[in-house]
Every structure is written in C-alpha cells, then in structure tokens.
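Report on the structure given below.
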Ligand SMILES: NC(=O)C1=CN([C@@H]2O[C@H](COP(=O)(O)OP(=O)(O)OC[C@H]3O[C@@H](n4cnc5c(N)ncnc54)[C@H](OP(=O)(O)O)[C@@H]3O)[C@@H](O)[C@H]2O)[C@@H](O)CC1
Ligand SMILES: Nc1ncnc2c1ncn2[C@@H]1O[C@H](COP(=O)(O)OP(=O)(O)O)[C@@H](O)[C@H]1O
C-alpha cells in the first residue's frame, strides 16, 4: 500500500455511484436516522438530516426527546420525526432493520445519556457516523468508545474533538517530530478500528488498514467560508446519507467531503451551513449525476 495519501478529485466512478437508477424505490436508497438533542438544541441535527436527504437517502428520520418534538415538527416536512427519549427507546426503534444508517452527535449533549445512546447504536451494528458530542462525551475514557466501535463506523472529529479522543496522537511527543495530520489520522483509525475523518481545510480520511485520502480545500479549491457554525453537522449528514444509500464507509466519507467543498465553492462568499445541502442539486446537475 502506498504511504502517500490519495487526493480526492471526484471523477467518473464517484459520479456514477451517486446516480439513482430508474427502477429503484425510496427504500432502495436506505433510511437514515439522525438523533437530535433536546428542546432548543435541534438545529445541528436538522442540518445533518437535510444533508442526508439531499444527498439521496430514500428516507430520513430525526429522532428526538419528547420535549423537542413540537419544535422539530414545526421545522421539518420531508424529514420524518420520531420520539426517541433514551437508549432503551432507541433500541426499540432500531428493531426496524430498514434503518440502515445512523448519525449521533450534533448538539446531542454531553454525558452519560449520550454515551448510552452511542452504545446502543453501535451494538445495533448499523453503519454509523459519530460526530461532535458523541465523540466529546468519551473524552474522559476514549478506550470505552474504542471497544465498541466497528468497521462500519465513521468518526468525524474537528481538531479539538480529535485531541480529546487521541490526546497522545494529537500532542507533539517530548522527543522526535510530531505526527503530520496524515500520520495522526492513520494512527487514530488504526486505534479506533474504523474510519476517521479529521476535518479542516485539509480534511484527512483514513481507514484502520492505512488507506488514506486527503480532501483539500486550499489553493484552487480554497473554501474559507466553510468555517461557519454547522458546516460540520452538514458533512456528518452527507456521510450518513451516503451510508444509507449503501456506500462503503471510506467511500461515503471521501465522496461527502469532496461534495461538501463543491457545494461551498459553488455558493461562494456569504455561505452559511443551511446553504450547503441546498447547493447539492446544482452540484449534481453540473456533474451530470
Ligand atoms: N446550529 C447548531 O445548532 C450548531 C450546534 N453545534 C453544536 O455545538 C456543540 C459544540 O460544538 P463545538 O465544535 O462548537 O464546540 P466544542 O466541542 O467545545 O469544540 C470547540 C473547541 O475545540 C477547539 N478546536 C480546536 N481545533 C478546532 C477546529 N479545527 N474546529 C473547531 N474547534 C476546534 C477550540 O478550542 P481552541 O482551539 O479555541 O482552544 C474550540 O473552542 C456540539 O454539540 C455541536 O454539534 C455546532 O455544530 C455549531 C452549530
Ligand atoms: N478554513 C477552512 N477551509 C475549508 N474548510 C473548512 C475550513 N474550516 C472549517 N472547514 C470545514 O468546515 C467544517 C466545520 O466543521 P466543524 O468544525 O465540526 O463545525 P460545526 O461543529 O460548527 O459544524 C468541516 O467540514 C471542515 O473541514
């Protein structure tokens, strides 16, 4: 295997994988479940859910505690809504095996309730994206998370979240050179046993076997307006939507990261997170998806 990471460039194979075939129905494109935090904290999960739907998941359901149902019902239309009050309720909801891709983390809250939801989600063995609070909730004991992870999981930390889960990898060692972002992401994926996507202007994606890809948003693909609240929540939703569609985890992470920057480039200055999912139709049209 090459030691150099691949640079993600889009291309015909990616475009073909994104196409929907004429004979397929919505369940052929999967059903994503995105968990939301409590009342007044649903925005991040709604951004992820819209991203998952726009990127082509056949169905997207937002799961939220009872106190947040009214707020979410007022905001959502094509995205469905389900009461998921705790980990036990999540286990029951996941008896529906058509729910094939999960996203936990965006504004989900920090602490034991989130840890229990993550444990239940991972035990269900579905393709799962863990982002934001689903990562930070394990800052005190990352090993507890690593023991539960499976190869269908994608972790999407920003640098701050990465340092909480992998402090020794993130910090420069006392002696010798610090790991590069590529080296750090590879080491993290090997430890976690799943895909790790380290966000930034240079997004690095690695699998546990050392496969590594870089999605650059620099130079001719510079997209500084992506540094805006909620952009990462949308990326988590893009990955979840592609997992629902049956993309392999590494392929889902790479494709989502590339499309995320395409959406930002096409929108340009003034971008806010809500704009990203709604740029996908234009991006898809330009690519002839
Ligand atoms: N619309 C909504 O509802 C939104 C809701 N959101 C929700 O808010 C919750 C908190 O999430 P969060 O990411 O804002 O805060 P947190 O986990 O404390 O980490 C931030 C700290 O980490 C550090 N840091 C280092 N490198 C970094 C980097 N490259 N990118 C970013 N940070 C970096 C940096 O520390 P510094 O380097 O400044 O010391 C910084 O202070 C979470 O549930 C999320 O889902 C948001 O998604 C926004 C939209
Ligand atoms: N300067 C930048 N250039 C390009 N992309 C960026 C830049 N800053 C952040 N991003 C991207 O924007 C997203 C930010 O995600 P994140 O930090 O999780 O924010 P949030 O939690 O507010 O959603 C990531 O996909 C990251 O790669």
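Using the three backbone atoms N, Cα and C, a Cβ is placed for every residue, glycine included.
Copied over from TrEMBL:
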type	residues	note
BINDING	44, 158, 233	(6S)-NADPHX binding site
BINDING	199, 200, 201, 202, 203, 232	AMP binding site
DOMAIN	9-287	domain 'YjeF C-terminal'
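Locations of recorded TrEMBL features on the structure.
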residue : record                   : DSSP (3 states)
44      : (6S)-NADPHX binding site : helix
158     : (6S)-NADPHX binding site : coil
199     : AMP binding site         : coil
232     : AMP binding site         : helix
Near ligand 2, which of the binding-site residues 44, 200, 201, 202 are found, taking a Cβ distance under 6 A to any of its atoms?
200, 201
Minimum Cα separation from residue 200 (AMP binding site), reported as the residue among binding-site residues 44, 158, 233 that achieves it:
158
Sort the binding-site residues 44, 158, 233 by C-alpha distance from residue 201 (AMP binding site) and give me just the closest.
158
What's the CA to CA span in angstrom from residue 203 (AMP binding site) over to residue 158 ((6S)-NADPHX binding site)?
9
Do me a favour and check the Cα-Cα span between residue 202 (AMP binding site) and residue 233 ((6S)-NADPHX binding site); whole Å is fine.
17
Distance check, please: Cα of residue 158 ((6S)-NADPHX binding site) against Cα of residue 199 (AMP binding site), rounded to an integer number of angstrom.
5
What is the set of residues, excluding 44, 158, 233, whose C-beta falls within 8 angstroms of the centroid of the C-beta atoms at the (6S)-NADPHX site?
47, 48, 105, 106, 107, 131, 132, 229, 230, 231, 232, 234, 235, 236
AMP site shell beyond 199, 200, 201, 202, 203, 232, criterion: Cβ within 8 Å of Cβ centroid:
158, 198, 204, 215, 217, 226
When you measure from each Cβ to the nearest atom of ligand 1, which of the binding-site residues 201, 203, 233 fall under 6 angstroms?
233
Given a separation of at least six residues and a C-beta threshold under 8 Å, show me what packs close to residue 232 (AMP binding site) in the same chain.
106, 131, 132, 156, 158, 199
Which of 44, 201 has the fewest nearby Cβ atoms, counting only those within 10 Å, among these binding-site residues?
201
When you measure from the Cβ of residue 233 ((6S)-NADPHX binding site), which residues in the chain that are at least 6 apart have a Cβ under 8 Å away?
44, 45, 47, 48, 51, 106, 107, 131, 132, 273
Binding-site residues compared (158, 199, 202) - highest count of Cβ atoms within 10 Å:
199
